[in-house]
Amino acid sequence: MRMIDIIEKKRDGHTLTTEEINFFIGGYVKGDIPDYQASSLAMAIYFQDMNDDERAALTMAMVNSGDMIDLSDIKGVKVDKHSTGGVGDTTTLVLAPLVAAVDVPVAKMSGRGLGHTGGTIDKLEAIDGFHVEIDEATFVKLVNENKVAVVGQSGNLTPADKKLYALRDVTGTVNSIPLIASSIMSKKIAAGADAIVLDVKTGSGAFMKTLEDAEALAHAMVRIGNNVGRNTMAIISDMNQPLGRAIGNALELQEAIDTLKGQGPKDLTELVLTLGSQMVVLANKAETLEEARALLIEAINSGAALEKFKTFIKNQGGDETVIDHPERLPQAQYQIEYKAKKSGYVTELVSNDIGVASMMLGAGRLTKEDDIDLAVGIVLNKKIGDKVEEGESLLTIHSNRQDVDDVVKKLDSSITIADHVVSPTLIHKIITE
């Protein structure tokens, strides 16, 4: 088999066999196939696309290029959730203890964040003493005992994806549905999930700006999952404004605690209940979405979800008293109110710009080596559709420096106030095939 033949075959619009895809991925990881041939094939895929069988084969070739996490010692159906990312996306922090409270095992492998704010692990590390460096045996034991544990990414998972992703980044082949879908799904499958719930974001603060693109990606990932024996479904949710009100690590953790108490923002609560209901059904803990939703609401109202979060924090060395004493979380030195320059209704909150503003305060990383300030960030006091009076606070800047003129300038271009009301949509579609 020759790589040049595989490139020409895809260039001319033909279907690649599983053997050809395995030959490419295997050879590329070993270094037998050079970057220039891999980038040539990536560009051919970009223009000629792949069918469902090719996408599934590419995903599994990347899964098999490295280690797979074995979660077979954990009792029950392991359901994982993946979000394509957004601003203020606190769902994992709420979902993990919430679904665990209704007996769904959550064995979560998470990373650190690049971009607007930290990842799930950075947010949890805002809790004094919390650690994620636990061995596999302890991880399995914690999930079996308490139904939830979070561990840092370790081992040699999907090395082919890491290599191909870096190549796509510099060869103009990032925005290819088969390449994005196989990249995301290979990581989820290698992490040991039996079933997968996907939260595909669309809008100004999302990777997929249009609903059409988000749908195409959601369908692609759901089909890959179902084709390789993992029950998979996707929700397409809106990221035209940040989710919830908090953007920043300790601030988002505080918001997660409020949500588990039943006092969280409406949009975050609704998205968590929608995603959580799907997870509960896939884990065979409820027969219908309505029944699953009722179980989750009861877990919040009874305090079981909050109690689960406390035990989870304690199990991983953290100070669980932060649940009742949020002032023990990292606090920024200055709170600066950003006020409305006129009266009207909020019609636009550009997620990316608000994310960048929080990053300028120190809440996110530009490179893996950067330190982040867990205390800083932005809290939205108004969301799209809210009425606002001139001089009223639109948002609060939590900062460890007094001069935030650069941040204010960024925010000036990210908020629009008009004289008409806009009603935002939160959940656009649910995709099951």
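Note: Cβ is positioned from N, Cα and C throughout, glycine not excepted.
It should be emphasised that the depicted structure is a prediction, and the values quoted were computed from it without experimental measurement.
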- request: According to Swiss-Prot, Lys81, His82, Ser83, Lys108, Met109, Ser110, Thr120 bind phosphate; identify which of Thr90, Thr92 is listed for that same site.
  value: Thr92
Message: Quick check: of the binding-site residues listed here (Thr90, Arg168, Lys187, Leu243, Glu255), which one has the Cα closest to that of Ser83 (phosphate binding site)?
response: Thr90
- prompt: Quick one: Cα separation, Leu243 (K(+) binding site) versus Lys187 (substrate binding site), in Å?
  reply: 24
Task: Indicate the candidate from Ser83, Thr90, Thr92, Ser110 with the smallest number of other Cβ atoms within 10 Å of its Cβ, considering only these binding-site residues.
output: Ser110
Message: Using the alpha carbons only, what distance in Å do you get between Thr90 (K(+) binding site) and Thr120 (phosphate binding site) once rounded?
response: 8
Task: Just jot down the residues in the same chain as Arg168 (substrate binding site), at least 6 apart in sequence, with C-beta under 8 A of its C-beta; none if empty.
output: Ala42, Val174, Ser176, Leu179
Query: CB neighbours of His82 (phosphate binding site) within 10 A?
result: 20
- request: Sorry to bug you, but what's the C-alpha spacing from His82 (phosphate binding site) to Lys187 (substrate binding site), rounded to the closest Å?
  value: 10
